[in-house]
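**Student:** According to TrEMBL, the protein has these features:
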ACT_SITE  Ser287  active site, nucleophile
BINDING   His126, His236, Glu479, Tyr518  Zn(2+) binding site
DOMAIN    35-546  domain 'Neutral/alkaline non-lysosomal ceramidase N-terminal'
DOMAIN    549-653  domain 'Neutral/alkaline non-lysosomal ceramidase C-terminal'
SIGNAL    1-34  signal peptide
Amino acid sequence: MDRRKAHRELGQMGVMSRGLLLVILALTVSVSTAYKVGVGRADCTGPSVEITFMGYAQVTQRGTGIHLRQYARSFVIEDESGSRVVFVSVDAGMMGHAVKRDVLAVLQKKYGALYTHENVVISGSHTHSTPGGFLMYLLYDLTSLGFVPETFNALVHGIAQSIIRAHNNMVDARIYVAETEVLDANINRSPSAYENNPEEERAQYRHNVDKTLVQLQFVHARDGTPFGAINWYAVHPTSMNNTNRLVSSDNVGLAAVLLEQERNPGALVGKGEFVGAFASSNLGDSSPNINGPKCEKTGLPCDVLTSSCPSGAGACFASGPGRDMYESTVIIADRLYRAAAGLLSAQNTKAREVTGPVGFVHQYVDMTTAETVHFDRGTRTMARVRGCLPAMGYSFAAGTTDGPGAFDFQQGTITDNVLWNAVRDFIAEPTQDDKECQAPKPILLATGRARFPYDWQPKIVPTQLLVVGDFAMAAVPGEFTTMAGRRLRTEVARASVAAGGRDLQVVVAGLSNMYTSYITTPEEYEIQRYEGASTLYGPHTLTLYLEQYKKLIGALVRNESVPAGPTPPYEDDKQISLTTGVIFDSHPLGKDFGDVKVQPEPVYERGATVSAVFIAGNPRNNLMHDKSFFTVEQQQMDGNWSVIATDANWETR
């Protein structure tokens, strides 16, 4: 019951004694709840055909259909003072600043200044099997042949709709946090870089990747029934490899579908009250392909440092645990889902209740001019360090064991090549200062110097923290490696206590609000694996972030305001798109849309694949949000037909 309403009603009951009034008031206050929470889900599937997927950077990996739809899952949390935050997990490769900006523009037309850059976090799940072309930075949109309005608009519409639904569904709630280990769902894909971290630091952890699944639970205040959960687990959604051509939210997306289907019995995929997200964390060097990297033709292990194979042995790539990518996706998804479901079960005693106010802080930072003091763990000395102009190293072109790159580039490369330097300098030539700042990274692409036709990579980045009681979400604009994320969690928690605040439990909310590739530790950077070569702002990128997030949590604890910082550039008007629209879309002469060309068989054995071929329009002309391109129906005992599956189900391709 609302407290003000309780006071008003009690004041009208003049015949009751003062003592009885106080007893009733005490009971009223005791059953009130500190939080209101809303959850919402919306379809944000982009164009499923003819558009290159974002993630593996292969122009030839263009969509040919749908396996799993993309969803945005939103969670609005408000404390009793009215302070409100929003966390959104999206089935997308990452998040773009312009997407968030336009989502907020939609919300602000409806709700005024209620939702802003400061209190809304939008995090991409990092699936590599969804349409690209939405980031508005040339390097990231290049393989999608530039900006793709259909992808961009689908994300904006779906994310905004999911937040609106969460806004409209707010109820009295209690919040709990629980965690459990999932040991068989990830491995470190760059162990040689991880091993370069200080031995005493590595000794604090049992594994070279994070194995803990952290779950934030939302339950109805009236009866304790769960209606939402956010799960953070550090694993790349790359079980579906670069041969896949069907839109898919990959392992974490399937885990979310499985959890929601369990909690919404009888509901179709994407429907039902319960909303469960599996959000990205410090997944930078964490792979789901747990059988490890092997040489394609021999099956022997690849070189640990370079992830290369002897001549004639084929490419080095990791796979497993299944016999193919579909089975691997199911196995990893099932392990994550079962762990999350166990934490939500009535028998779980691991959860602790979260109490306390909601807070948020946000600031833009120009990473190319940022400076701080760095303590070198090896030499035990202090030095002034700075950020560099963005640049990508040679090992970036080598790709990863989840998706190898092109040509003969190898991971771990710390020397350059005259031929490739000539190509680099033709695009944009780095200065001597650039080379020294980025060392030991040999610069393959001086993206910070490249401005044609618009910026190739960001210079100004968003940094943000959401705090609910003693639970903090550090929203970071990229892929933190395992140890980078561990350092961030530790430093934010320490800084909170040092500022006079609570001892926080911190999760890293990865790929949030903007994408800036990877963030490694300075020690990992020295090895120049793919992750280090893709750390944009030089060897002390993490050092600068740690200082920034310590500053943010200190300001939040002390209730101090922070300047907004410089705004990322508006470059919508400079975007180039080489992907044509649907030029011609019609049915053959004498046929019509919907006509069946190949009918299914009249009878199938259990486990067989049912297939049909029919005439359809180009899916790009209607993305069918919150709908389906087809349905699977089952005849009931009364003779009526019921929809039991759509194009969003795992079982349908």
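Every residue, even glycine, has its Cβ placed from backbone N, Cα and C.
Set these features in their place in the structure for me.
**Tutor:** Listed in sequence order, Asn186, Ile187, Asn188, Arg189, Val235, His236, Thr238, Ala318, Thr400, Thr401, Asp402 are the same-chain residues at least 6 apart in sequence whose CB falls under 8 Å from the CB of Ser287 (active site, nucleophile).
Cβ contacts within 10 Å of His236 (Zn(2+) binding site), excluding its own Cβ and spanning all protein chains shown: 26.
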**Student:** Hey, what's the Cβ neighbour count for His126 (Zn(2+) binding site) at 10 Å?
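**Tutor:** Neighbour count, Cβ to Cβ under the 10 Å cut-off: 29.
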**Student:** Measuring CB to CB from Glu479 (Zn(2+) binding site), give everything in the same chain under 8 Å that is also at least six residues away in sequence.
**Tutor:** His126, Asn282, Leu283, Gly284, Gly510, Leu511, Ser517, Tyr518, Ile519, Glu531
**Student:** Suppose the Zn(2+) site is His126, His236, Glu479, Tyr518. Which further residues of the same chain have a Cβ inside 8 angstroms of that site's Cβ centroid?
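**Tutor:** The surrounding set, listed in chain order, is Ser280, Leu283, Gly284, Gly478, Gly510, Leu511.
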**Student:** Within 10 Å of the Cβ of Tyr518 (Zn(2+) binding site), how many other Cβ atoms are there?
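**Tutor:** So the Cβ neighbour count for Tyr518 (Zn(2+) binding site) comes to 24.
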